[in-house]
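Copied over from Swiss-Prot:
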type     : residues : note
SIGNAL   : 1-21     : signal peptide
DISULFID : 24-42    : disulfide bond
DISULFID : 35-63    : disulfide bond
DISULFID : 48-52    : disulfide bond
DISULFID : 67-79    : disulfide bond
DISULFID : 80-85    : disulfide bond
């Protein structure tokens, strides 16, 4: 009986994905998205182009496997590891 119970527990664990998945914002007005497996970092990139002074920086939010490298056209870059931390 103990063997059967242990087998059922093991099968349940194998069949269910017990891995935690991160949720991040993709825009301020939409609900959070579940990040793909392996992408556990939420990011916010604010970058400038030739129209930056008129309309402001372009904001990109989402999930990433690693924190992107800061580039010269970024105004800011935020990488965080809690759910919906990229607001």
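Cβ from N, Cα, C; glycine included.
Recorded features from Swiss-Prot, shown on the structure.
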residue: 24; record: disulfide bond; CB count, 10 Å: 25
residue: 35; record: disulfide bond; CB count, 10 Å: 19
residue: 42; record: disulfide bond; CB count, 10 Å: 27
residue: 48; record: disulfide bond; CB count, 10 Å: 14
residue: 52; record: disulfide bond; CB count, 10 Å: 14
residue: 63; record: disulfide bond; CB count, 10 Å: 21
residue: 67; record: disulfide bond; CB count, 10 Å: 13
residue: 79; record: disulfide bond; CB count, 10 Å: 15
residue: 80; record: disulfide bond; CB count, 10 Å: 16
residue: 85; record: disulfide bond; CB count, 10 Å: 17
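Using CA atoms as reference points, the disulfide-bonded residues 24, 79, 80, 85 were checked against residue 63 (disulfide bond), and the closest is 24. When secondary structure is read from DSSP and collapsed to three states, residue 52 (disulfide bond) falls in the helix class. Residue 42 (disulfide bond) falls within a strand segment according to DSSP. Checking the disulfide-bonded residues (35, 42, 48, 52, 67) against residue 80 (disulfide bond) with a 10 Å Cα-Cα cut-off leaves 42, 67. Among the disulfide-bonded residues 24, 35, 42, 48, 52, 85, the ones whose Cα sits within 10 Å of the Cα of residue 67 (disulfide bond) are 42. Put simply, 85 is the one of the disulfide-bonded residues 48, 52, 79, 85 whose Cα lies nearest to the Cα of residue 24 (disulfide bond).
Of all the disulfide-bonded residues given, namely 35, 42, 48, 52, 79, those whose Cα is no farther than the 10 Å limit from the Cα of residue 85 (disulfide bond) are 42, 79. Note on proximity: of the disulfide-bonded residues 48, 52, 79, the one nearest residue 42 (disulfide bond) is 79, by Cα distance. Among the disulfide-bonded residues listed here, namely 48, 52, 79, 79 has its C-alpha nearest to that of residue 35 (disulfide bond).
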